Amino acid sequence: MALALQVDPEQGLGEDAVDRRREQHGANRLPEAPPRGLARRVWDQLRDFMTLVLLAAAALSGWIGDWTDTVAILVIVLLNAVIGLTQEWRADQAVQALKRLATPQARVRRAGVDRLVDTEALVPGDVVLLEAGQLVPADLRLHRVAQLRLDESTLTGESTTVEKHAAPLADETGALGDRLNMAYKGTVVTHGRATGLVVATGAQTELGRVAALLQQQGDRSTPLQRRLAAFGRRLSLVVLGICALVFAIGVLRGEPILLMGLTAISLAVAAIPEALPAVVTVLLALGARRMVRVQALVRRLPSVETLGSVTTICSDKTGTLTQNRMQVASALTRGEHAEEMALWEACLLCNDAQRGEGGRWQGDPTETALAERAVQAGVDAQQLGERCSRLHEWPFDSERKRMTTLHPADAGWRSVTKGAPEAVLPRCRAMAGEGERDFDADAVLRAAQDFAARGMRVLAVASRRWESSPAGLGEDEVETDLTLLGLVALVDPPRPEARAAVAECRAAGITVVMITGDHPATALAIGQALGIVAPGDEQVLTGAALAALDDAALQGAVASVRVYARVDPLQKIRIVQALQQRGEYVAMTGDGVNDAPALKRADIGVAMGRGGTDVAREAASLVLLDDNFATIVAAVREGRRIFDNIRKFIRYAMTGNSGEIWTLFLAPLLGLPMPLLPIHILWVNLVTDGLPGLALAAEPAEPGVMQRPPRPPSESVFAHGLWQHALWVGLLIAGLCLAVQAWAVTTAAAHAQTMVFTVLTLSQMAHVLAIRSETQSLFTLGLRSNKALAAAVLLSLALQLATIYVPALQDVFHTAPLDAFELALCFGAAIIVLLAVEAEKSWRRRALPRLNAARMVEDTH
């Protein structure tokens, strides 16, 4: 390999060669999607269907010369775009800050000198020096190895480390996990040292190929985007129909065409909730800020709400549901305390872990786990090391599957052997605490197999006394006639908070699925420990079995399988796609490179911020800053709360708009003059609607928000009686407005239009207070539980009174001051609206158990 790369491993490349190769191969960076320019970002904000409808309304207003309405609509569209762009910029900056946390340098040998260089400056042929704790900076062909072990979990999903060597392989094109003379970019050195030759950088590395694969997965629209788009399309058709009908009726009655055109425009402005895109964006942005407080960083704003729609969470095991570190789970010895202490002393002697800063053990996860357990059992590591220093060792290799160390002992020497049970037990003649005739190797092997069946990694530990030093003997001679000290079973333990998080997901109607590249027994044991699968359920779908299934068969399998093992990145994508084809909304959590393509393909990808790779974070919509699976639950709760509040705003805005439409539609049919001007309607929709609508973002979650199933993917924003509410309450508001107008006209009052304007505004204020909950009464909620809304209502009321009583605003809004009786009449109409909605909620509280029972029966069918 050195000849092919034209480099002397003892000297490294010269600077001229480095420069030439950098020009040829480029920087050692992973491929990234080209950044979106400002114009593309702005267009992404403006291409929303509701926003396009608003722009069309603005153009129509400008065409008839009503520039006030045109400017007002354009201002709200611009504000919406600025809010979205600002949130995207903040999220991008936060992600860049996360990327800067990674160590960006590697130790290389160039021109005979070892030096630190930026990892992006590596080129093929560079000689890289690896030590324990370092990230492998590029794909390397190992040249010299000293007990090197790598953690390849981010690339293969395996939680156990892999021993590496520098010898040639018979098959250089085998699976990644079998290429033992290679070290891949993004993996971690857990033990030993090595030098390696860079054979691939950037996009040509194995990690780079995965990064390119995830770029093929296009962005998917979120449930909220799809719901609002469908809502906007239906609304535009209704608006066109109503406007055409009103215009035709007026012209047929002999009304001036210009007047009826103005009326039709007023209806269009009334029907379109101008504040909806801005309020939805603000609700999502405020939700994103709240999520940061619970350690969840939103990278794509609409994803805030998407979590509320998730029906299935596909989670990686290693580092997400588990702690990505080994821990002693159990031990098997014979005899009393002395035999157990002998086992733990041996685990500390035959061990390459080292004490680091702060007294923490560093090195291979398995060996650090053994050292930690030995100290916990009462072994004094420092004293033992001084008394029984290592004199010689026979290192571990994958063929023998064991290692042996030699130490001084009373009146002689003592060797300690540690390894796989099947490699150690046949070499034992006795077990500590038992006589030779009582040793049953088969029984011990069955115990080891039982541990393995429960997903544990099992080691056998044995020792032998020597009267003369065996340092000159070979491995086979030393590792015979051993006395078994015991078995040690280790596990990558579940995160302590993960089981409760899984249980809460289940209560919320969300299915948790575990997908891992690990061993099936290990995956099943973790799944059972966390409650992902029920006790006794041993169904695990392996990657090999999955590969044999066609897409139709896989769709059937994903309905019941909760644990997948030995799967590769492409198979993860197939699982996600199969779930989506069954109508599921899928979240994929993970931290490794192997998770990234599925993170991109899922409806929402959730990556880990601390332990996660850059590739995973770039693919994700949500980044967990604390790497805590339980944060998913808080994010789901926030997503549901946000969607509830968006529905509340739509209920509020559409009911108000319904009142405006009925008022404008019925007035000419009843022989009344035009009740409202376009400026009145725009004022109500943007100011008195917008301020309280924004304050709805602070509304707390409804009781039981995490005890109800996820929303069906096809559920309309008008579900659960929203459109019926908008219809009948809108008719009530219109009836009150027209009744006040008729009274004002018959009494020859000069303030008829001002009174209709005021009744409409005050009714909206009463309505927003009443709809804070679909079932709980305002008198139960009180005003203090959402102080922002109370303040918004008071501010809107003050602004409305200003349009009536401030002379300068009277000219703009064509209003006149109302006397005390007229104003009291307007407030009385608003109170009627409040009491009517409270009566509706009272009926819903009584009917809710009956409605829920009916839905449950429907779901069972």
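Glycine is no exception: its Cβ is also placed from the backbone N, Cα and C atoms.
Keep in mind that TrEMBL annotations are predicted by a computer and have not been checked by a curator.
Per TrEMBL, domain 'Cation-transporting P-type ATPase N-terminal' is recorded for 1-66.
According to TrEMBL, the region 'Disordered' annotation covers 14-33.
Within its own chain, the compositional bias 'Basic and acidic residues' (17-26) has Cβ neighbours under 8 Å at 6-7, 110, 121, 123-126, 201-202, 204, counting only residues six or more beyond its boundaries. Look at TrEMBL and you will find 17-26 tagged as compositional bias 'Basic and acidic residues'.
The transmembrane segment annotation in TrEMBL covers 71-91 (among others).
Residues annotated as transmembrane segment in TrEMBL: 235-252 (among others).
The annotation transmembrane segment is assigned in TrEMBL to 258-286 (among others).
Annotation comment: TrEMBL describes 661-683 (among others) as transmembrane segment.
If you look up TrEMBL, you'll see 726-745 (among others) marked as transmembrane segment.
Long-range Cβ contacts of the transmembrane segment (788-808) within its own chain (Cβ-Cβ under 8 Å, at least 6 residues beyond either end) map to 683, 687-688, 691-692, 694-699, 754, 757-758, 761-762, 765, 768-769, 772, 815-818. The transmembrane segment feature in TrEMBL is assigned to 788-808 (among others).
Look at TrEMBL and you will find 820-837 (among others) tagged as transmembrane segment.
Across the region 'Disordered' (14-33), DSSP helix (H, G, I), strand (E, B) and coil residues number 11 helix, 0 strand, 9 coil. Taken as a whole, the domain 'Cation-transporting P-type ATPase N-terminal' (1-66) shows an average pLDDT of 80 in this prediction.
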